[in-house]
Amino acid sequence: MAKKYFGTDGVRGEVGQFPITPDFVLKLGYAAGQVLVQHDGGQKPTVLIGKDTRISGYMLEAALVAGFTAAGVNVIQTGPLPTPGVAYLTRALRLSAGVMISASHNVYSDNGIKFFAEGGVKLSDEIELEIEAKIDEEMKTQPSARLGRARRINGADDRYIEFCKSTFPSHLDLRGLKLVVDTAHGAGYDVAPKVFHELGAQVVSIGDEPNGYNINEKCGATHPKALQAAVLQNEADYGIALDGDGDRLMMVDRNGKVYDGDSLIYVIAKARAREGINIGGVVGTVMTNMAMEIALKEQGVDFCRAKVGDRYVLEQLNQRGWLIGGEASGHILCMDKHNTGDGIISALQVLAALQMLNQDLATICADWQPYPQTMINVRIQKGQKWQEASKDVLAEVEKELEGKGRVVLRASGTEPVVRVMVEARQADWAKKGAERIAAAITGKQ
């Protein structure tokens, strides 16, 4: 059954527009609360609510709290805390669920609601459908004796800081390193610099002055230019950039070069392989560069691809029992450290890997150079049989690449567009192949 409200990462949209309105979020909290009470055998469950730094977080938090307590659910509020921190505390405090109010890397005028189940894992499709089935039902507030309570927890950030530090090898530290940390004026603005400082690094913080309106604005993992400039200006060893909710990571070296999620995953995997740690393999996506796949296999590390989205990477990791995965966008999963993507913890694993290998980022990543890629967005009409139109040319291009490149055709889930991506060892091969396939789709061969 198709979901009506939940997307791949919870419920998200523009604030004030359905479904990110106070009345809908009130109903969402009430519906989720009803499902929790049913699954807890009629007991009074407890949920944790965290948020990022958007001005709308106050409004949406109040609506969620009202909905949950009306359904007979107790609520613990943390205030601003990264999404992976909410997942961790949901598990550590043995709560029935966790909720994060955030739109991740989006602009401040967007917001969203993301749920975690018991244990800090993402909700199953089945539970999301149960919640959706109750959203449109009439709200019937519990009798006063059954209403939930709401309270703020002290020290949530300190608990999360200690957890992050515990994932860094105990025989290593960060003394002697100068780091610039860009927290995108987001949920990690307070905790992230403290983690690196308490492990011994000299920390220069930027993007750490949230005002409710500046989250992700020309800063953070999606806008690394500010970090590049700060690293060069401060003559730092490395720069670390998170996104608004703290689950993405980009890094910059002392020369100002940016390293995306694929590069950082390779660094972590190579170090683990050299240390003899069995990670099983690495899960990337259909968009992961083929050169990285080849480089990993040269290190003796298996590789497979999932659909685009950290949710699908996580599914593959769990199915295969592998430990490392992620995307170029900076979502990195280290399953032996945390059960969700965590920008701070991922950065710590990269910094540990650099010490284990006794090399810098540039040296390690010189193992592979990304194959050139050409991406063309082709607009299509509703009902257009683009697969049939392109299949012959697609087969020709794949044959010509002779296993030294890849073709990915992907229909957009949000607009009438087919994304044509061709990757090859030579840029002109990629360009010509993508143009031929795009022409076949449009019928302009």
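Quick reminder: no glycine exception, Cβ is built from N, Cα and C everywhere.
Binding of Mg(2+) is annotated in Swiss-Prot for D243, D245, D247; the matching candidate from S104, S109, S124, S346 at the same site is S104.
Sequence-distant contacts of D245 (Mg(2+) binding site), defined as residues of its own chain at least six apart whose C-beta falls under 8 angstroms from its C-beta, comprise D52, P82, T83, M100, S102, A103, S104, H105, G186, A187.
On its own chain, D243 (Mg(2+) binding site) has S104, H105, A184, G186, N216, G220, A221, T222, G330, G343 as residues at least 6 apart in sequence with a Cβ closer than 8 Å to its own Cβ. Same-chain neighbours of the Mg(2+) site beyond S104, D243, D245, D247, judged by a C-beta within 8 angstroms of the site's C-beta center, are, in sequence order, D52, P82, T83, S102, H105, G186, A187, A221, L242, G244, G246, R248, G343. Proximity of D247 (Mg(2+) binding site) to non-local residues of its own chain (separation of 6 or more, Cβ distance below 8 Å) is seen for P82, T83, P84, S104, D310, H331, T340, G341, D342, G343, given in sequence order.
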